[in-house]
Amino acid sequence: MNKITVLCVDDSALMRQIMREIINSHSDMEVVACAPDPLVARDLIKKHNPQVLTLDVEMPRMDGIDFLEKLMRLRPMPVVMISSLTAKGSEITLRALELGAVDFITKPQLGIREGMLAYSELIAEKIRTAAQAKLSVPIITPVSSAPLSFKPLLSSEKLIAVGASTGGTEAIKNLLQPLPVTSPALLITQHMPPGFTRSFAERLNKLSQITVKEAENGERILPGHAYIAPGDRHMELCRNGADYQVLITDAPAVNRHRPSVDVLFRSVAKFAGKNAVGVLLTGMGSDGAAGLLEMKQAGAYTLAQDEASCVVFGMPRAAIQMGAVDEVMDILKMSKRMLAKISSGQAVRI
């Protein structure tokens, strides 16, 4: 079996040593070289032709973002960013994902060695995912900057539930940007650690016509708003009389994820049923597939992103194989389609 070859770029000798230790402890991957900065990395990429690059966000001589931008333009390859758990770190990381990085790993703020070693399985999984990720997907911009037209719904019973993982930050951006302020509410679960979801929501809010925010426990769900599940918390739909409400919980991980897409979709199947549209986007694994099937069985219309526009086709593929998907389509056509489906049919009180 050929091992996944990895080049680690980090200005910290300790981090380079830890990453080498972690990666080499897995039988299906190995570190072929380490670089203290992007300028050294450039030569090592030519020499070793690694399959995956791990890249520190903040470095001297040339920072990770500048290097990533040049790399994705001149020599595209799968990149996993190593980021700090700070507001600045999360902003830079989201920019890196926009530029084409496949995923990111967060450095613990205290006890670097112990913290990183505890992430060993997660790091290995992200490297495996990166090695399989599709890089031919361009940085997508909506076909038209003009928002879609959508007649306001007479009922606030209608809503859209969205789930995503690897590659999802850009897919969600492309899903939300064309939506007009008259859109129904959206509940979105994107696999992401705490500290990043607020920055992600704020970034989307600046780019969208609708209001995008990190979800808060107990808040009323309103049309024209998108609610992002907070990192490391599950988000569910619930009811309070005639209104939909957000429920945020610390329940155990589902499918090894918190937030979990299945948790969101199952609650939407229960409380919204045929008033909902379910959307499953790019991501590794199968989280969301079973929940999407429950939504379909409850009468919801279900959509999955197609393989050609996915960074990783795992989650949509699992849902398709399970018979959970009504329609498979390109991410750029999905906004219009989900609005068309949500406006067809009468709202039914569940």
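Going from the start of the chain as shown, residues are counted 1 onward.
Including glycine, each Cβ sits where the backbone N, Cα and C put it.
Taken from Swiss-Prot as is:
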ACT_SITE  S165  active site
ACT_SITE  H191  active site
ACT_SITE  D287  active site
DOMAIN    5-122  domain 'Response regulatory'
DOMAIN    153-345  domain 'CheB-type methylesterase'
MOD_RES   D56  4-aspartylphosphate
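Rounded to the nearest whole angstrom, the C-alpha distance between H191 (active site) and D56 (4-aspartylphosphate) is 21. Spatially close to S165 (active site) yet at least six residues away along the chain are Q190, H191, H257, V261, T282, G283, M284, G285, D287, V312, G314, M315, judged by Cβ distances under 8 angstroms. Local packing around the recorded positions D56, D287 was summarised as the count of other Cβ atoms within 10 Å of each Cβ; on this measure the leading residue is D287. Per DSSP, the secondary structure of the domain 'Response regulatory' (5-122) breaks down as 57 helix, 28 strand, 33 coil. Within 10 Å of the C-beta of H191 (active site) we count 25 further C-beta atoms, all protein chains included.
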